[in-house]
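Chemist: This is the feature table in Swiss-Prot:
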BINDING   HIS274, HIS335  heme binding site
TRANSMEM  25-45  transmembrane segment
TRANSMEM  111-131  transmembrane segment
TRANSMEM  139-159  transmembrane segment
TRANSMEM  174-194  transmembrane segment
TRANSMEM  212-232  transmembrane segment
TRANSMEM  270-290  transmembrane segment
TRANSMEM  305-325  transmembrane segment
TRANSMEM  327-347  transmembrane segment
Amino acid sequence: MTIASTASPVPAAAGLDRQSRNRRALRLWLGLVILALFALVLVGGATRLTNSGLSITQWKPIHGVIPPLNAAEWEEEFKLYQQIPQYELVNKGMTVEAFKTIFWWEWAHRFLARSIGVIFALPLVFFWATGRIEKRLRWPLVGILALGGFQGFIGWWMVSSGLSERTEVSQYRLATHLVTACLIFSACVWVMRGLARHSADPAPTAHSRHWAIALLCLVLFQIYLGALVAGLDAGMSYNTWPLMDGALIPGDLLVQQPVWLNFFENPKTVQFVHRIGAYTVLLVALYHMVSSLRAAPGTTHARRSVVLFAIVCCQAVLGISALLLQVPLDAALAHQGGALILLGFTVAHLRGFYGAYPLPKPVA
């Protein structure tokens with residue numbers, strides 16, 4: 001009598017369960033990193049809006065973690081600040097106590113940045129060493145870590161632009177710094193979303209995917225424009241809506257020569273372009289939602305497009321409110337936070353077109 005032997009499903013099931021647990025751990029880790037990045041960008045925004053970014057005039061990646069601890073150290077730090085143009089031309093006569101306020105914003109921003117490096121690097125090493133990271137994700141995660149390290153250099157490059165001749169940082173370098181932060185944020189959201197389960201709904205059309213890609217690019221570009229607005233204090237140029245001081249198109253948008261310079265250095269032009277960018281994002285999000293509802297009604301993809309359009313509308317309201325209120329700190333930070341939420345959801349929405357990362361075959 002011959003007895004047929006079959007492979008037991010238990011090892012395979014155990015392997016899949018282990019992979020699911022590993023993915024859940026990675027999602028929790030990346031979720032923590034994303035929340036920390038969100039906080040970092042908001043603190044960075046507050047640092048810029050309170051003109052605190054030049055309060056620390058030296059780059060000490062390790063020793064700089066420790067702030068001044070006594071009166072003598074505060075005086076020493078304050079003397080360094082008194083040597084730059086911002087103090088001489090903007091804050092002449094500032095007291096040590098007033099200096100402490102702007103110092104703590106910049107210190108908190110740098111401390112958060114260093115902390116995120118630790119929060120990302122140490123778990124990455126642990127997960128890699130214990131085999132919890134799938135091979136396809138190892139080098140992309142290392143790439144994110146490397147980009148984070150490079151972001152530290154970009155931050156100092158930005159600060160250094162305001163230490164010799166200018167009284168504020170270069171808006172070009174500020175925009176580079178913010179966009180790089182958004183790329184790191186987006187990459188973490190992309191990987192985290194790929195590790196989660198996806199809907200079993202039919203795959204969306206290529207047409208919808210192309211528009212989702214376009215929307216993500218527009219959101220990133222709009223954030224870049226927002227950084228130029230912040231760097232030039234362009235939010236104070238026109239504080240009316242929908243018109244700009246009574247006109248749809250003001251007459252002083254192209255006063256600088258050469259003409260292209262207006263789009264980067266004329267505060268009025270930069271605000272105008274940022275407004276046009278917002279309208280463009282709104283229209284593209286509306287079209288994407290309508291086309292998705294028509295092509296795939298009732299699917300998760302279509303519902304996501306509705307949520308995405310709603311977030312765009314909320315962000316537009318936040319932007320208009322900040323403008324009409326003449327850009328108070330709380331309204332400006334709410335608008336910046338809204339931009340990050342919009343960016344994160346747009347990335348997650350686009351990731352939904354590609355589904356979750358396939359699970360590796362478990363080793364029996």
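Cβ atoms are placed via backbone N, Cα and C, with glycine included.
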Chemist: As a test: from 25-45, 139-159, 174-194, 305-325, pick the stretch that has the greatest number of Cβ pairs under 8 Å with the transmembrane segment (270-290).
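Modeler: Most Cβ pairs under 8 Å with the transmembrane segment (270-290) come from 305-325.
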Chemist: I'd like the Cβ neighbour count for HIS335 (heme binding site), meaning other Cβ atoms within 10 Å of its Cβ, all protein chains included.
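Modeler: Looking across every protein chain shown, the total is 22.
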Chemist: Which sequence positions outside the transmembrane segment (139-159), separated from its termini by at least 6 residues, show Cβ-Cβ distances below 8 Å to it?
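Modeler: Same-chain contacts beyond the flanks: 53-54, 56-57, 59, 61, 110, 113, 116-117, 120-121, 124, 133, 169-170, 173-174, 176-177, 180-181, 183-184, 187-188, 191.
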Chemist: Does the transmembrane segment (212-232) come near the transmembrane segment (327-347), with 3+ Cβ pairs under 8 Å (pairs 6 or more apart)?
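Modeler: Output yes: the transmembrane segment (212-232) sits against the transmembrane segment (327-347).
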Chemist: Provide the three-state secondary structure of HIS335 (heme binding site) computed with DSSP.
Modeler: helix
Chemist: Report, as numbers and ranges, which residues of the same chain sit near the transmembrane segment (174-194): CB under 8 Å and 6 or more residues beyond its ends.
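Modeler: Answer is 26-27, 30-31, 33-34, 37-38, 40-41, 44, 48, 137, 140-141, 143-144, 147-148, 150-151, 154-155, 158, 220, 223-224, 226-228, 230-231, 340, 343-344, 347-348, 351-352, 354, 356-357.
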Chemist: Taking the Cβ of HIS274 (heme binding site) as the centre, count every other Cβ atom within 10 Å, in any protein chain shown.
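Modeler: Summing over all protein chains shown, HIS274 (heme binding site) has 20 other Cβ atoms within 10 Å.
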Chemist: If you run the three-state DSSP split on HIS274 (heme binding site), which class comes out?
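Modeler: For HIS274 (heme binding site) - judged by DSSP and reduced to three states - the answer is helix.
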